[in-house]
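Asks: Structure incoming, see below.
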Amino acid sequence: MSKTFLRPKVSSTKVTDWVDPSFDDFLECRDVSTITATSLGVNNSSHRRKNGPSTLESSRFPARKRGNLSSLEQIYGLENSKEYLSENEPWVDKYKPETQHELAVHKKKIEEVETWLKAQVLERQPKQGGSILLITGPPGCGKTTTIKILSKEHGIQVQEWINPVLPDFQKDDFKGMFNTESSFHMFPYQSQIAVFKEFLLRATKYNKLQMLGDDLRTDKKIILVEDLPNQFYRDSHTLHEVLRKYVRIGRCPLIFIISDSLSGDNNQRLLFPKEIQEECSISNISFNPVAPTIMMKFLNRIVTIEANKNGGKITVPDKTSLELLCQGCSGDIRSAINSLQFSSSKGENNLWPRKKGMSLKSDAVLSKSKQRKKPDRVFENQEVQAIGGKDVSLFLFRALGKILYCKRASLTELDSPRLPSHLSEYERDTLLVEPEEVVEMSHMPGDLFNLYLHQNYIDFFMEIDDIVRASEFLSFADILSGDWNTRSLLREYSTSIATRGVMHSNKARGYAHCQGGGSSFRPLHKPQWFLINKKYRENYLAAKALFPDFCLPALCLQTQLLPYLALLTIPMRNQAQISFIQDIGRLPLKRHFGRLKMEALTDREHGMIDPDSGDEAQLNGGHSAEESLGEPTQATALETWSLPLSQNSASELPASQPQPFSAQGDMEENIIIEDYESDGT
């Protein structure tokens, strides 16, 4: 064997005296005297572990030589450790903003947050309750940094909530849990919600502890919550109760920061619905992604400083590479700085993209003005991924806008291919976007995207013939996804037909120079299908509960039987049946039917799935396999059913008729009578 292999074995007897066994107290092995490693300074700095001898090698020398270091060696090691830390410190922490002027946030957003802090903290009334602020925005747009910098400049303390980790088990805890002499075993545990409530109570009641370097000359403070306990995502009602209580007893403002998610999980709508925001008077400030121009200035500043300081140790990127990096990070300046540091390190030159020659086909098809834009844009999307850019995602509002406005690139008259004369009506300019990629980047099911498209496409057309053609494409797409046997296979084709059909049918927007339908902004709305489908299910359950003797399907019951019962003069003893028949079987005496109230779609809202349809419901839009065949499922029990508000009101009945009562009580009464008759026989 080699000496290197035997060296650890020789010094192993020395090392055992430095180690304190973990279970010596539990096993009651106290015969061996041990020495703690911390008291003798075994935990050296990273510099001493790197440059000095190893623990096994140094154990062969006397302890006197190992402990006595000259002052020159100590100073040299301290300076080297500081230099090592400064070189390896992340640039995100190294160049973090310290003042308002260094923030990569729009000035109006900074003024909006500063105005709220002045009104709720600096100008706060003595007996004013707890005020709540909700800050939303994409990751890396400067939400938390803005709050901390403004609080520091105005002398406001910040008490931040951090999710606690489970405490480590100690020896005494281990003994108490597995004590053989006791029949009771206690596991020390406290839920995160209980800890969060206790934190809010203590933070609003007591001041922050003064640590070394803190200046606590003011009693003004705020509570900052960015990482909520995970239990609130499963049970949001618990958070709502905490917010209601804090508004009553809180003594300082409470700020929540939630990052927008493009994966479909809308935490803002789950944790802070509109009802809670109105009830608790929660202010809402929404941050935008960092603009590429502002991000470019910050990256140039970092590159200039690092190039002057470490000229030969980093690779200085050019302007084109920085522009690609800014576009690929989707407004996340934190991700941009991290990617810049990683790509600028020595030996990572191949990570910076280099443009290749464009195809001759694209040069011939596109005009000179568009020839420089579109190939660069397509190539940029491929290059940014090599630098480590984020996946480009779209909110629903922007995704619908790209389909409905359908911008196109103009073609040259000579080189562009032309259709035959008998097909000239189908000729269009080239689209600037791929509809399938737009739907994919929206992170929405294709059927749900078709619902939003069907709700909003009419306002973007000018000719009725184009609307008819677009509706045919939407109907054909709905047929493809109608059968549950083939829905999973044809879903992508259905979405492609719907999006491309709507874009192709709009002749007013068929060419790049056309301004069909005007270029003005048009609001988008949520589908009315959800409300109508919910009303249909309520009527279905009501009809099955009130008319069980007819044994008819829901479609026949509501289209063939109930309308005729409303015209007959047969008296009925059940007041609930009378109210339901008048609600379903008679149309209101109005000459002009008003449209249903439409709910506007905001620019940062995700696709809404009907909450009553269940998690397993897939959209043909939103129903399960059984519902797509014609009737809703019986998942909702009849015992939990109640009449809708419009059917349970007494204002729709004539004065001679008795007032309707709950159908559930009538069902219970019938059951009791049947049980009584069966006992008598």
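Just so you know, glycine gets a Cβ as well, placed from its N, Cα and C.
From Swiss-Prot, here are the annotated features:
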BINDING   Gly137, Pro138, Pro139, Gly140, Cys141, Gly142, Lys143, Thr144  ATP binding site
COMPBIAS  631-662  compositional bias 'Polar residues'
COMPBIAS  666-681  compositional bias 'Acidic residues'
MOD_RES   Thr55  phosphothreonine
MOD_RES   Ser71  phosphoserine
MOD_RES   Ser86  phosphoserine
MOD_RES   Ser359  phosphoserine
MOD_RES   Thr633  phosphothreonine
MOD_RES   Ser646  phosphoserine
MOD_RES   Ser656  phosphoserine
REGION    42-63  region 'Disordered'
REGION    432-681  region 'Interaction with MCM7'
REGION    606-681  region 'Disordered'
MOTIF     17-25  motif 'RAD1-binding motif'
Asks: For the recorded ATP site, enumerate neighbouring residues of the same chain (Cβ within 8 Å of the Cβ centroid of Gly137, Pro138, Pro139, Gly140, Cys141, Gly142, Lys143, Thr144, site residues themselves excluded), in sequence order.
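Replies: Here the nearby residues are Ser259, Phe287, Asp332, Arg334.
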Asks: Give the sequence-ordered list of residues that share a chain with Pro138 (ATP binding site), lie 6 or more positions from it, and have CB atoms under 8 Å from its CB.
Replies: Ser259, Asp260, Phe287, Asn288, Pro289, Ser330, Gly331, Asp332
Asks: I'd like the number of other C-beta atoms within 10 A of the C-beta of Lys143 (ATP binding site), please.
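Replies: Around Lys143 (ATP binding site), other Cβ atoms within 10 Å: 23.
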Asks: Judged by the number of other CB atoms within 10 angstroms, which among Pro139, Gly142 is the least packed of the binding-site residues?
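Replies: Fewest other Cβ atoms within 10 Å, among the binding-site residues Pro139, Gly142, is found for Pro139.
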Asks: Which residues does Gly137 (ATP binding site) neighbour through Cβ under 8 Å, counting only same-chain ones at least six apart?
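Replies: Spatial neighbours, sequence-distant, of Gly137 (ATP binding site): Lys143, Ser259, Asp260, Ser286, Phe287, Asn288, Pro289.
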Asks: Any idea what the model's mean pLDDT is for the region 'Interaction with MCM7' (432-681)?
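Replies: For the region 'Interaction with MCM7' (432-681), the model's average pLDDT rounds to 70.
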Asks: Just going by other Cβ atoms within 10 Å, which of the binding-site residues Gly140, Cys141, Thr144 has the emptiest spot?
Replies: Thr144
